[in-house]
Amino acid sequence: MGKDGGLSNGLVKKIILSYTYVAIWIFLSFTVIVYNKYILDRKLYGWPFPISLTMIHMSFCSSLAFLLVRVFKVVDPVSLSLNVYLTCILPIGALYSVSLWLSNSAYIYLSVSFIQMLKALMPVAVYTIGILFKKDSFNNSTMGNMLAISVGVAIAAYGEAKYDSWGVILQLLAVLFEATRLVMIQILLTSKGISLNPITSLYYVAPSCLVFLSIPWIFVELPVLRENSSFQFDFAIFGTNSLCAFALNLAVFLLVGKTSALTMNVAGVVKDWLLIAFSWSVIKDTVTPLNLIGYGLAFLGVAYYNHQKLQAMKAKEAQKKAQQADEEAGRLLTERASNGSPDGKKGDSQA
């Protein structure tokens, strides 16, 4: 009935769920990025303290996750040994804290639109790091796509009207740390058989992020904040911003856990196009034709890479079905052989 020519119901449901997770993540990521830019930009809200802002987010996430797990008991805590926490949770927390610090710092120096163009390198970083950690295998066609994406981003950077070298370095380092974190989530948690839902993920990871961020904060931002005694904490601004960050963290862990790190990065390209349009039309950032040409090339490379991954998923599903059919055929042959007697008397009596 046409089953061979289409996708199985299970795969269709999986794709629909994946796009639902993607849509939620895009909306929340869009909101947090614009909100963070508003707070950190000296020309807007004017509070250029990215480590402090990230620590506010992590404090809020840690507190809310603690309440949900320990007080209201919305979910049960996962039993983790000290060894598992040190070898699995802490490395992820360290990578996450550095990634957030660097990416938030970039908003002080670069426009929202240009940062999104640089973020198009994320699939390149994830694929490269996946090869290094033997999570992915080298493929000439895929590497060609990665080179196309890189060339496109380079063209976009060349055409940037407000280029800042320090801002670019910060964002590229943020991409590197984030890509490593995404790969390590799958390697460390999967290899240990650890299953964390979004709330328990924040419950364990956010406190470690807060601790790691406090180290550079003491030396970099605390002295400046002490001198700026006129600052008054705006609970409305930082409270709503932290709430959005908490929701985004849930969406990130949900998306990576239910799909893959690659899916999130490919979906990020769609979000980046939306942010570029918003940045140009609302924030009035300068977007040059060379920006769009370069980013368009990068977008095509990522889109083709996504197509390859979908085809591989379909092929894997077909292979799984064929293997199940072979196993079923083998089982039936075994049953027939076991039901018949060696001298064939059972078959004669039935005749």
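Keep in mind that glycine also has a Cβ here, set from the backbone N, Cα and C atoms.
As annotated by TrEMBL, compositional bias 'Basic and acidic residues' applies to 321-334. According to TrEMBL, the feature domain 'Sugar phosphate transporter' maps to 20-306. Positions annotated as region 'Disordered' by TrEMBL: 321-351. What TrEMBL records for 16-35, 47-72, 84-102, 108-130, 142-159, 165-189, 201-220, 289-306 is transmembrane segment.
DSSP labels the residues of the compositional bias 'Basic and acidic residues' (321-334) in these numbers: 14 helix, 0 strand, 0 coil. Sequence-distant contacts of the transmembrane segment (165-189) (same chain, at least 6 residues past either end, Cβ-Cβ under 8 Å): 87-88, 91-92, 95-96, 98-99, 102-103, 105-106, 108-110, 115, 118-119, 121-122, 125-126, 128-130, 133, 135, 157, 195-196, 256, 260-261, 264-265. For the transmembrane segment (84-102), the list of distant contacts is 50-51, 54, 57-58, 170-171, 173-174, 177-178, 180-181, 184-185, 188-189, 192, 194, 204-213, 216: same-chain residues at least six beyond its ends, Cβ to Cβ under 8 Å. Within its own chain, the transmembrane segment (289-306) is flanked in space by residues 113-114, 117, 120-121, 123, 142, 145-146, 148-160, 265-266, 269, 272-273, 276, which lie at least six positions past its ends and keep a Cβ under 8 Å from the stretch. Distant neighbours of the transmembrane segment (16-35): 112, 240-241, 244-245, 247-248, 251-252, 254-255, 258-259, 263-264, 267-268, 270-271, 274-275, 278; these residues of the same chain sit at least 6 beyond its ends, with a Cβ under 8 Å from one of its Cβ atoms. Within its own chain, the transmembrane segment (47-72) has Cβ neighbours under 8 Å at 36, 39-41, 97, 100-101, 104-105, 107-108, 199-200, 202-203, 206-207, 209-210, 213-214, 216-217, 220-221, 224-225, 231, 238-239, 241-243, 245-246, 249, counting only residues six or more beyond its boundaries.
The transmembrane segment (142-159) makes contact with the transmembrane segment (108-130), as judged by at least three Cβ pairs under 8 Å among residues 6 or more apart in sequence. Counting only same-chain residues 6+ beyond the ends of the compositional bias 'Basic and acidic residues' (321-334), those with a CB under 8 A from a CB of the stretch are 8.
Sequence-distant contacts of the transmembrane segment (108-130) (same chain, six or more residues past either end, CB-CB distance under 8 Å): 33-34, 37, 40-42, 48, 50, 136, 142, 146, 149-150, 152-153, 156-157, 160, 162-164, 166-168, 170-172, 175-176, 178-180, 182-183, 261-262, 265-266, 268-269, 271-273, 275-276, 278-280, 283, 285-287, 291, 294-295, 298-299, 302, 305. Mean pLDDT across the domain 'Sugar phosphate transporter' (20-306) comes to 88 in this model.
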